[in-house]
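Q: Structure below; questions to follow.
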Amino acid sequence: MEKREKCIMTLKWQYGALSNYDYLLYLNSLADRTFNDLTQYPVFPWVVADYSSITLDLTNPKTFRDLTKPIGALNLERLLKLKERYNEMNSPKFLYGSHYSTPGFVLFYLVRKYPQYMLCLQNGRFDHPDRMFNSLSDTWRNVLNNMSDFKELVPEFYDTDQCSDFLTNKYGIDFGCRHDGRKVGDVELPPWANNHVEFISKLREALECDHVSKNLHNWIDLIFGYKQNGPEAIEANNVFYYLCYEGAVDLNNVRDWNQRHALEVQIMEFGQIPKQIFKKPHPPKTCLLIKDFQQFGIMSKIEQYWNWNKINVSKLFTTTKHRDKATSVKFTEDMKTVWSVGLDAMLKVHCISTQKQLRNVTVRGFPVKFNDLVLPSMYLSTALIATMHGSLIVYDIDCCRVVDDFRAHEDSISSLAWSNNGFLITGSLDCSVRIWKTPQVPWTHIELINSLKAELEHENKITSLALSQDEKLLATGTNVGEIFLWSFLDYSFIQQLPGHAGSVNKMSFSPDCSKLLSCSDDCSFKVFDSLSGLEVYTNTLKCPLKSLAWDGYHVLVGGQNGIMYLWDLEKFELINEVQTHSDGLLAIDVSNDGNMVATAGDRFINVWKISCDV
């Protein structure tokens, strides 16, 4: 269970559901670091390296400490001296004779808040005034240059809820005078902070900024991960005195009580490496990788337009109504028309520029209820329509005729997915998913009959399909809430995801294929990690959720109440909600430029314009 919880927390941090501060607290706790033990106090990194500027520029990389290196390796000149000493040592060798977290270092920072603990540690005396925590810039300078000072920080430096009380001499204690005659009072701040509260606030902002988030996994490798000990630690210049490491000595086998006491004092008072919790390199923050895609123009159609603080949705027009519920709606790639099908067996095509109906055809001579619709780019003016009697209908809108009517399943086809390589995936209430290789243009019936490539059997009815953009993963969802991942390369089963408590109505992969989003009749939508299969995020709304569209960050979710909810998954907050239909919102599609959204519900298709407050 602990391993699973660790994976879930790491994924939540990767995808922005957990702050850097909270994730570091969690890792400290997992490594047996606690606020109740000064010998195992939580350790946090120095992240800011600028304590002299008037303003703190979080866009400048020079503002920050190099998180790929331990404190002792930040100053190359000092590191060379330490390595020279290291090379001349007998075994066990070490680079750093003092640790980055000891009871003395913790109380060095917190003496103004907990003076009684310092008195206990130092036999009733405070430290010499010149050696106390008097100035941020002096402390940072000493950490960079001193041959025996490699201390990191404590969580209080980033805790905006604690009112920075450890930085002020609120008890008015006489700590003595420094060599220049100045009394030891409050901690001196850098020029970029006007007061102690602002200082903590800015440090926290720095901890959560993009630069630190991009590099924090490197520091985690050093403190909690695979660079903590062994050859990787040597390579990373991260080697401490051997007694700092867990299990370095078995005290139960030390028979000499004086020697045992000396070892216990060394271990207790001179620093302990946290328990190792990662054996492999820690993954970076994924949401920042997606932001990097934005900088290079690698964005999905929605992402280009939805990264706003406020999205406005206004109705462009409503199409002529179906005789029964509209079940699927799609924009063409050129965004000139919008197509829809419904339970009335009607296929409708509307021109967006004129807002007029171009086609309104009954595809069959008798009513056949339609469930889903795809518009393959390789077949111009052709629609593939899923029916409730198990047939796949291929309809040419220009010729106004059925090109093919193919019995694909023994029960209703509930969902369709299309591959740009010409594969069609059909999911059915007969509990199977079938993968077909479609014929080259022109479409011929005989080719499709012989084109079944794979059949994926399930125990329950298929209600939803999703194919990743790289066409490597296929997700299948069932009427009892199951979600399965399959390889689309060889059609092999990969794993089952946690799923839902109700029917899975819609699924979609993120543009980078790292995440899968699903919505369900259990009123929830969930985000899963595609690699591990773990649930990253879940949110429960007020009604069953029938449809969705997303770009990896921003989600449109359609409810049974006809409301379209707009969610920001980076901030995990509701941006807007729009009453789109009087009945269930069964389908959502977004135009290629991201400017329009089409919704299907009740008997109407509504086309909406998206704009934003800049």
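Any Cβ shown, glycine's included, is placed from N, Cα and C.
Automatic prediction, not curation, is the source of TrEMBL annotations.
Not my notes, these are from TrEMBL:
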- 1-285: domain 'BEACH' (DOMAIN)
- 406-437: repeat 'WD' (REPEAT)
- 455-496: repeat 'WD' (REPEAT)
- 497-538: repeat 'WD' (REPEAT)
Q: Same-chain Cβ contacts of the repeat 'WD' (455-496) under 8 Å, 6 or more residues past its ends?
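A: Sequence-remote neighbours of the repeat 'WD' (455-496) are 411, 414-421, 423, 425, 427-435, 502-509, 511, 513, 516, 518, 520, 522, 528, 530, 533.
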Q: Just to be sure I understand, if DSSP states are collapsed into helix, strand and coil, how many residues of the repeat 'WD' (497-538) fall in each?
A: 0 helix, 23 strand, 19 coil
Q: Can you work out the mean pLDDT of the predicted model over the domain 'BEACH' (1-285)?
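A: That region's mean pLDDT is 91.
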